[in-house]
Amino acid sequence: MIASTIILPYLDPDAFSLGPFSVKWYAIAYVIGIVYTYFFLARHSGLESKELDSFFCYGTLGVILGGRLGYILFYNLEYYVTHPLETLMVWNGGMSFHGGLIGVLLGIFLFSRRYSRAFFSLSDLCACTASLGICLGRIANFINAELCGRATQHSWGVVFPNSDGIPRHPTQLYEAMSEGLLLFIVMQVLLFGTSIKRSSGMLSGIWITLYGFARIVMENFREPDPQIGYFFSSITMGQILSLPLILSGIMIILLSLKKQKTFHR
């Protein structure tokens, strides 16, 4: 072990307890992200109060159901086929970002159809807040010592508690900064500092593209899920799922540009 390696002490995954119930750091990250998005949309979306409440029912259900089903289908289908009752035990962990994203987009679509609202006007605003939740969620992953990185000899390698004692990349923090904080700042600048927001779908396309690219890069430092491992010796499931995001994001950007060009003719 390298002398300068960072040894992470045990950090309780429970932030605090309320009687027999314990509140996880990961749950707090979700709540902060959802609350921030709620007030952000209340200020910028033009939705009425009842519509906003309904929108968040759609969105929250989309995150939870999509995230859970995504994890089961993409990462651990064989296990849950033989343990079907554990499908409902979301408190035991097992959520997929890509599944959650699909769930949220489906929720926005259903809401926009029911309330006759423009899909991209809502998804553009959500794209400007999503990375805050990602940042906080990855920090919670770090506290929980989960989703650890690959082995490294760098001085900032972290030995996580209850692990094999090998220094590993703190990929949770890499992702918190790249997919989270940095992308959040970029989206805020684009929303409030440019005229891009006038192009319907542009912010959504940019966010999806940048997230997909950042995730593919970060997966090079992240240890793959043990039940899956690598595809073709070096490709992870996260990279496979992120490539369609990049392609979809670019397509949305091109469609937005085409629509904008047609509008100004």
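Placement of Cβ uses the backbone N, Cα and C atoms for every residue, glycine included.
Annotated features in TrEMBL:
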type     : residues : note
TRANSMEM : 25-43    : transmembrane segment
TRANSMEM : 55-77    : transmembrane segment
TRANSMEM : 89-111   : transmembrane segment
TRANSMEM : 118-140  : transmembrane segment
TRANSMEM : 173-193  : transmembrane segment
TRANSMEM : 200-218  : transmembrane segment
TRANSMEM : 230-257  : transmembrane segment
Top Cβ-contact partner of the transmembrane segment (25-43) among 55-77, 89-111, 173-193, 200-218, 230-257 (pairs under 8 Å): 55-77
Surrounding residues of the transmembrane segment (230-257) on its own chain - C-beta under 8 Å, 6+ positions past either end: 74-75, 98, 101, 120, 199-202, 204-213, 215-216, 219, 222, 224
